[in-house]
Amino acid sequence: MKFDEVISLLGEFGPYQKRIYFLLCLPAITCCMQLLVTVFSMAIPPHRCAVPGLDNDTFAIQTPQHKALVNISIPPGDSCNVIESPNILNDTTNVGLVGWTGQGSQVKRSNNSDMEAVPCSRYVYDKSVFTSTIVTQMDLVCEKQYSKSHAQMITMLGAFLGTLTCQPSSDIFGRKKVFLMSLVVHALASLATTWSTFFPLLCFFMFINGAANVGVFANAFVIGIEFVGPSKRVWTGYVIEIFWSFGMILLALLAYFLRDWQHLQLATSIFPFAFLSYAWVIPESPRWLLSKGRVQEAEEIIRKAAKVNKVLLPANVLDSASLEIQEHVSVLAIFRHPVLLLRCTIIFFNWFVVSLAFYGLGLNVGSLGGSVYINFLLSGLMELVSYVLCLGLLDRLGRRPLNCGLMMVAGLACTLTIFPVLYAPPSHQWVTTALAMIGKLGIGGAFATIWVYSSELFPTVVRSSGMGFSSSCARIGALISPYIANLSTIIGGNAGTAIPLLIFGLPSIVAGLLLLILPETLNRSLPESVDDAVVFGREVVVDSSKNVYHLTNCKETRSDEKDML
């Protein structure tokens, strides 16, 4: 008896699995919040140099004299340079005659050629939206403007490390142990970030948090998938993503009421500690226990689940249960055949692009017109809608049409933003935001769908390794995304708004079109061996004795999806 048959006897998604799955989905909320909280905690508000000698200077203009001081000491449109003069506090006469020549640090007041601008020694910030951010507290602007991108990249680098280490660790030590360890580290690193006012220390905890983030989400995903029946695996794979979108919505609400970054970071740190309070209830994956020969422990969990599900199982139900043992095949085998090499290249490119655009659009919401809180909330709602739509359309339209369509929608929406950015009046910049939200809807659904589609395309013997390569490509895209998203701040103006969206949009269109080369997997028996994968989706069979291909009719069979993940 195969283990999937045992799960079918137990109930593919009975009351016990539903309770455990719900508890496993909850940490996806905190994973989302900690990965995207920098949208608010590292926001860059409008700023300028402080007026030299004016200790109580503020960004907001207080009095006419204050306005005059700003006018004579701060070059127009320059937030990084200031005119320093020992008499500047008294030099407010004839302020209307003040003019400026030159740019940047070479700017001069035209009525006094000896007074050149110098870099700021102190800054003042607009506090109308954020009372405090990491950027304002550490002055990460002007010559330090890339620090924000570096910090966000370091978080993604930690996630990349987590991808490389957590999956092998969970295969060796168990899903539950790695999940619990990651959740503890995630909680402690989140809390430590709150009081990290030294930039290198802040980056260290963000790196650790990023790595632990993957350990929490990936193992929650795997435990949930391995404890349900074959017909429910696609459904459970999407629902945990829905909880991710709940994390975005909740983060937007928390950020709106908590405008100080430390207060916000502390609030988001409470959630992983709350999830730790019930972590002991989460069982080890019985599938993993069985694969390690720990049959008695696996049977205890199955019996407990059967009692809750009110199912009577045969005695010693796992004695004859087994997991299919596949022959060992090197992952390099999928790169040796031109057909598989082409497919893998397309799959890996799609993972790279979808991750680049997914995280980039999430981090870029602060650069769109309107309220950053409303934009982020809308972004989360768009993701929620996309996951629900995909659940309803995946088995109706098929994997390839749906994935291609979502990538095209995302790419075209992001690319079309160039027209309202460059040609629409300021009153119509909401069109740019609307198109960016449509892009987020498409890319969110595409990210969830590529998990299903690519896992079905890889042959069983190298499926895990193939998905590992795919995830690594996604992490590379995530590493680059902060630098693309922050181009809006670095470049500024309309070009700064348009260029990131174009970079997210154009590759998405190319990636979507390339998907048309891949075969459809819906209602087809999935490839088991590398040879199966070579002919998968082609009307041929292999005569291995003669090493030739013969044309034949490709028989479609309804897949029970048990080999999908």
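Using the three backbone atoms N, Cα and C, a Cβ is placed for every residue, glycine included.
Taken from TrEMBL, the feature domain 'Major facilitator superfamily (MFS) profile' covers 80-523.
Through the fold, the transmembrane segment (20-44) approaches residues 13, 129-130, 133-135, 140-141, 145, 148, 151-152, 155, 159, 183, 186, 190, 209-210, 213, 216-217, 220-221, 223-224, 227-228, 236, 239-248, 250-251, 254-255, 261, 264-265, 268, 271-272, 275, 278, 281-283, 359, 362-363, 365-366, 372, 376, 489 of its own chain, all at least 6 residues removed from its boundaries and within a Cβ separation under 8 Å. According to TrEMBL, the feature transmembrane segment maps to 20-44 (among others).
Residues or ranges marked as transmembrane segment in TrEMBL: 178-198 (among others). Nonlocal intrachain contacts for the transmembrane segment (178-198), taken as residues 6+ away from its ends with a CB within less than 8 angstroms of a stretch CB, comprise 27, 30-31, 34, 137-138, 162, 166, 169-170, 204-206, 208-209, 211-216, 219-220, 223, 262, 265-266, 268-269, 272-273, 275-276, 279, 282.
Residues annotated as transmembrane segment in TrEMBL: 204-228 (among others). Beyond the ends of the transmembrane segment (204-228), by six or more residues, the same chain brings 7, 12-13, 17, 20-21, 24-25, 27-28, 30-31, 34-35, 151, 154-159, 161-163, 165-167, 169-170, 175-176, 178-179, 181-183, 185-186, 189-190, 192-193, 196, 236-237, 240, 272, 282-283, 285-288, 565 to within a C-beta distance below 8 angstroms of the stretch.
If you look up TrEMBL, you'll see 235-258 (among others) marked as transmembrane segment. If one looks beyond the transmembrane segment (235-258) by at least 6 residues along the same chain, the residues whose Cβ comes under 8 Å of a Cβ in the stretch are 13, 21, 24-26, 28-33, 36-37, 39-40, 217, 220-221, 224-225, 228, 264, 267-268, 362, 373, 376-377, 379-381, 383-384, 387-388, 390-391, 444, 448, 451-452, 565.
Look at TrEMBL and you will find 264-282 (among others) tagged as transmembrane segment.
Among the features that TrEMBL reports, transmembrane segment is placed at 340-361 (among others). Listed by sequence, the residues of this chain that lie at least six past the ends of the transmembrane segment (340-361) yet keep a Cβ under 8 A from its Cβ atoms are 35, 156, 334, 379, 403, 407, 410, 414, 436, 439-440, 443-444, 446-447, 450, 454, 457, 466, 469-471, 473-478, 480-482, 484-485, 500, 503-505, 507-508, 510-511, 514-515, 517-518, 530, 533-534.
TrEMBL lists 373-394 (among others) with the feature transmembrane segment.
Listed as Cβ neighbours of the transmembrane segment (406-424) (distance under 8 Å, sequence separation of 6 or more from its ends, same chain) are residues 350, 353-354, 357, 361, 386, 390, 431-432, 435-436, 438-443, 445-446, 449, 494, 497-498, 501-502, 504-513, 515. Marked as transmembrane segment by TrEMBL: 406-424 (among others).
Per TrEMBL, the feature transmembrane segment maps to 430-453 (among others).
Per TrEMBL, transmembrane segment is recorded for 473-492 (among others). Panel annotation: around the transmembrane segment (473-492), residues 44, 145-146, 148-149, 152-153, 156-157, 159-160, 163, 348-349, 351-361, 363-364, 367, 499-500, 503-504 of the same chain, lying at least six beyond its termini, place a Cβ under 8 Å from a Cβ of the stretch.
Taken from TrEMBL, the feature transmembrane segment applies to 498-518 (among others).
Long-range contacts of the transmembrane segment (498-518) within the same chain: residues 342-343, 346-347, 349-350, 353-354, 356-357, 360-361, 364, 367, 400, 403-408, 410-418, 421-422, 432, 435-436, 439, 442-443, 446, 453, 457, 484-485, 487-488, 491, 537, each at least 6 residues beyond the stretch ends and with a Cβ under 8 Å from a Cβ of the stretch.
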